[in-house]
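Student: Sharing the record's features from Swiss-Prot:
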DISULFID  97-189  disulfide bond
CARBOHYD  5  N-linked glycosylation site
TOPO_DOM  1-25  topological domain 'Extracellular'
TOPO_DOM  50-57  topological domain 'Cytoplasmic'
TOPO_DOM  80-100  topological domain 'Extracellular'
TOPO_DOM  121-139  topological domain 'Cytoplasmic'
TOPO_DOM  159-195  topological domain 'Extracellular'
TOPO_DOM  220-237  topological domain 'Cytoplasmic'
TOPO_DOM  261-271  topological domain 'Extracellular'
TOPO_DOM  292-313  topological domain 'Cytoplasmic'
TRANSMEM  26-49  transmembrane segment
TRANSMEM  58-79  transmembrane segment
TRANSMEM  101-120  transmembrane segment
TRANSMEM  140-158  transmembrane segment
TRANSMEM  196-219  transmembrane segment
TRANSMEM  238-260  transmembrane segment
TRANSMEM  272-291  transmembrane segment
């Protein structure tokens, strides 16, 4: 990369999702509804698992961590996007952009690693039921969660370190509603091929390796379920849980691979996929995981009755 004298860009201008006021109002209502479902839904999951003495297995501990990451991940972009619907000139400072990039990749990569840990937990519970409590003990569970967070942190540091060394001299317009790394790299005043290659390898490696590990574990489990088909309610319940996990994996990794594991060229679907990845995807935790789990639903009803309805009386 050449080291020349450039006029340093101090802010970026975001184009947003639409410039039409009527469309912006409709989008605001839709995305506000999504965010107001994500926030209390995942907070309720965390509170339920934390306060209910029966939800102490590793699966629920991992689910609470996933709920926290969903709140964090969606809150990195959603509040600013909602405000920008009513702002004519959508601006984010250079430092704010770097911070947004860091936390977005930190939370996103941590969630990918955590989903892999959850697949390991499901595999152990089904294939090694007699040794499950010994294998997935509290210590190992905490270590795996900590490693997921550390992996996300390292990945995010790599992405940000590559961005801050690039020169930005204008233009400073990002064709997005948030500080997307693919857009930022595209407007740098230098040959960004080496940085882009490392970013793609980092994101692609995490996405592809985690996806392969997840699909292999689920393929093994589905093959096992096929042999045990008709063996009872527990098998059907485990199979239903497995399909829920597979749905999550497809919704998480599909958009991420599309956006970050390819050359950073602009395509017409980029904004749609980004919205799905940053705002719609976090909806799936309360919907797919929680509403399909009888124990969590029962604990939620008990929590609402005890702490909310009783206070109103």
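From the backbone N, Cα and C atoms, a Cβ is placed for every residue, glycine too.
I'd like these features described in context: how deep, what's nearby, how far apart.
Tutor: In three-state terms derived from DSSP, residue 189 (disulfide bond) belongs to neither a helical nor a strand segment and is classed as coil. A sphere of 10 angstroms centred on the C-beta of residue 189 (disulfide bond) encloses 17 other C-beta atoms.
When DSSP labels each residue, the topological domain 'Cytoplasmic' (50-57) comes out as 2 helix, 0 strand, 6 coil, counted as helix, strand and coil in that order.
Note on the topological domain 'Extracellular' (80-100): residues 8-17, 24-25, 27-28, 31-32, 35, 160, 163-164, 168, 177-179, 184, 279 of its chain, located 6 or more positions outside it, place their CB under 8 angstroms from a CB of the stretch.
Note on the topological domain 'Cytoplasmic' (121-139): mean pLDDT across this stretch is 89.
When Cβ-Cβ distances below 8 Å are used as the criterion, the topological domain 'Extracellular' (261-271) is approached by residues 17, 175-177, 181-182, 185-186, 196, 199-200, 203-204, 207-208 of the same chain, each at least six residues removed from its ends.
If you look at the transmembrane segment (101-120), the same-chain residues 6 or more away from its ends with a CB under 8 A from one of its CBs are 59, 62-63, 65-66, 69-70, 72-73, 76-77, 144-145, 147-149, 151-153, 155-157, 159-160, 163, 178-179, 181, 184, 203, 206-207, 210, 213-214, 217-218, 245, 248-249, 252-253, 256, 278.
Cβ atoms under 8 Å from those of the transmembrane segment (196-219) belong to residues 105, 109, 112-113, 115-116, 119-120, 122-123, 151, 155, 158-159, 162, 181, 185, 242, 245-246, 249, 253, 256-257, 260-264 of the same chain, restricted to positions at least 6 beyond its ends.
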Student: Near residue 97 (disulfide bond), which residues of its chain come within a Cβ-Cβ distance under 8 Å, counting only those 6 or more away in sequence?
Tutor: 12, 179, 184
Student: What is the three-state DSSP composition of the topological domain 'Cytoplasmic' (121-139), stated as helix, strand and coil residue counts?
Tutor: 16 helix, 0 strand, 3 coil
Student: Sequence-remote contacts (6 or more beyond its ends) of the topological domain 'Extracellular' (159-195), Cβ cut-off under 8 Å?
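Tutor: Result: 1-2, 4, 6-9, 11-17, 76-77, 80-81, 84, 90, 92, 94, 96-98, 100-102, 104-105, 202-203, 259-260, 264, 266, 270-271, 274-275, 278.
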Student: Could you tell me what the rest of the chain brings near the transmembrane segment (58-79), counting residues at least six beyond its ends with Cβ under 8 Å?
Tutor: 31, 34-35, 38-39, 42-43, 45-46, 49-50, 100, 103-104, 107-108, 110-111, 114-115, 117-118, 121-122, 125, 136, 138, 141, 145, 148, 177-178, 278-279, 282, 285-286, 289-290, 296
